[in-house]
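Colleague: What Swiss-Prot shows for this protein is this:
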- Asp98: active site (ACT_SITE)
- Glu163: active site, proton acceptor (ACT_SITE)
- His96, Asp129, Glu192: Zn(2+) 1 binding site (BINDING)
- Asp129, Glu164, His378: Zn(2+) 2 binding site (BINDING)
Amino acid sequence: MSATLRLTEQLISRPSVTPLDEGCIDLLSARLGALGFVCERMDSGPDSFRVVNLWAKREGFNPLAQENRGQSATKSAANEGEAHTTPIKTLVFAGHTDVVPTGPLEQWHSHPFTPSHRNGVLYGRGAADMKTSIAAMVVAVEEFLAAHPQPGLSIAFLLTSDEEGPATDGTVVVCKQLKARGEVLDYCIVGEPTSVSHLGDMIKNGRRGTMSGKLTIKGVQGHIAYPHLARNPVHLFAPALAQLVATEWDQGNAFFPATSWQVSNMHGGTGASNVIPGELVVDFNFRFCTESTPENLQQRLQAILDQHELDYDLKWTVGGLPFLTTPGELVNAVRGAIHAETGLDTELSTTGGTSDGRFIAKVCPQVIEFGPLNATIHKINECVDVSSLDPLKNIYKGVLERLAGISGMAGASGLAAVADSTSSP
C-alpha cells in the first residue's frame, strides 16, 4: 500500500462531518511536525460549533542569509541587503478536513467512514472532497523534503474543519490572523476536486463571486373573493420578476461567464386556499464575475424594484468576491507538473461554486484549485480511483520542485505561451 493511500484511508476513517475534525488535524500535525513544520492551532467558534484550524509552516532556506551569519559585521550588513532582494517565497496548501453528511446509510454499498475497495476504486465520504488531496500533498512534501532538505521555498498548510458548513470560523479566521501579523503568502493551491474526466484535465484559476438577497414584497392580506380589498404581493412582483429574469447583468469576459441571477426560494400565503397573502418572501442569488461589483448589482436590482413601485424590504449577504489568477508562475508550475505526469494540457476554468479560495485570494496574489475527479463529490458512494492517488501526489511534488527552482521550469516555460492564450468561461 502506498503512503498516499494509507494516509487517505486514515483520514476517511474519521467521521469529520462539519464542524467535527475527529483527530484529522492532530494526525496531520504529527506528520508535519516531524518534517520541521511549526504547527499553530487557530481554533474558532462557540463551544456548540467549535472549528479546528491549523496553520503549519516550514521556512525555506535562504543561502544568502545563511552566508551572512559567517561574515564580518560590515560585510554582513551589505550582504543582508542583497539577501532581502531575493526573499524566500511561500507556497500554501489549503484544504478542509470536514465532510458533508453521509445521507441515508442504507443507500451506501459500504459504510461511508470505513474505507472500502471495489474494482480499483476507494469508497468513503471525503474520498474525493478532499481527504485524498490532503494526503497526497502531505506525502508529496515528505518526499520533496527527503530529496531537498533545504529548499529555497517556504511551505505552509492551512487546514480547517469548517468549509462545507457556514465557513465563518475556518479559513477566513486564519487569513485574518495571518494578515494582522504581516504574514506574506505568494502562492496557494486549494485541494478542491477540479478534474472532470481525467486527473489534471482542469484546474480552477478563479471563482465567481456570490451574493444573496432576501426580498420581502409587502401587500395586504384579504379574502380571495374580495381582491379589491387586498393587494396581492405575488401579482405585484410578477412584472418585476419577469424583468429581473430577462436582464443582462454583464457579458462576462475571457475568463468568466456572464453574471447570473437566480431565484432559489419563493414563499407567500398562509396555506389556506381562500386567503390572499400579505407578503411574498423571495430568496435569490447572484453569481457574478469581475465585470460587476456587489454595489452595482444591488443598485441595478433595486432600481428595477423601484420602477415597479413595490413596497419591499431587502437584505443583502455578500458571500465572496470573485478572484482570478492570470497565467504566471503558479499556473505555469501546475500546468507543467500536470503535463509531466499525465501528458495533458490542462484547461483553465472559473466555473462552479465558491470555495475557501475566495478568502485566501485577499491575502495571496496567486491562487489556484486543483485536485482529483469531482464526479462523485457529496454523493452517495463517493469515491476516487486508487490509480490516481500517487499521480496526484507526483503532480503536487512537481509543483514544489518547479516553484523551488529545482526542476521542470523549462517545461513550465514551454507551456507558458499556451497558458497565456488559454482560458475557459
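Placement of Cβ uses the backbone N, Cα and C atoms for every residue, glycine included.
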Colleague: Cα within 10 Å of Glu163 (active site, proton acceptor): which of the recorded positions Asp98, Glu192, His378 qualify?
Modeller: Asp98
Colleague: In whole Å, note down how far the CA of the residue listed as 'active site' lies from the CA of Glu164 (Zn(2+) 2 binding site).
Modeller: 7
Colleague: Using C-alpha atoms only, work out the spacing between Asp129 (Zn(2+) 1 binding site) and His378 (Zn(2+) 2 binding site) and round it to an integer in Å.
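Modeller: On Cα coordinates alone, these residues lie 8 Å apart.
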Colleague: Would you please pick out, from the binding-site residues His96, His378, the one with the fewest other Cβ atoms within 10 Å of its Cβ?
Modeller: His378
Colleague: Using the recorded Zn(2+) 1 site (His96, Asp129, Glu192) as reference, state which further residues of the same chain have their Cβ within 8 Å of the centre of those residues' Cβ atoms, listed in sequence order.
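Modeller: Those within range, site residues removed, are Gly95, Met130, Ser133, Glu163, Glu164, Val190, Gly191, Pro193, Ser355, Gly371, Ile377.
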Colleague: Can you grab the distance from Asp98 (active site) over to Glu192 (Zn(2+) 1 binding site)? Cα atoms, rounded to a whole Å.
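Modeller: Distance between the two Cα atoms comes out at 13 Å.
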Colleague: Sort out the sequence-distant neighbours of Glu192 (Zn(2+) 1 binding site) for me: same chain, 6+ apart, CB within less than 8 Å of its CB, listed by position.
Modeller: Asp129, Met130, Ser133, Lys204, Ser355, Gly357, Glu369, Phe370, Gly371, Asn374
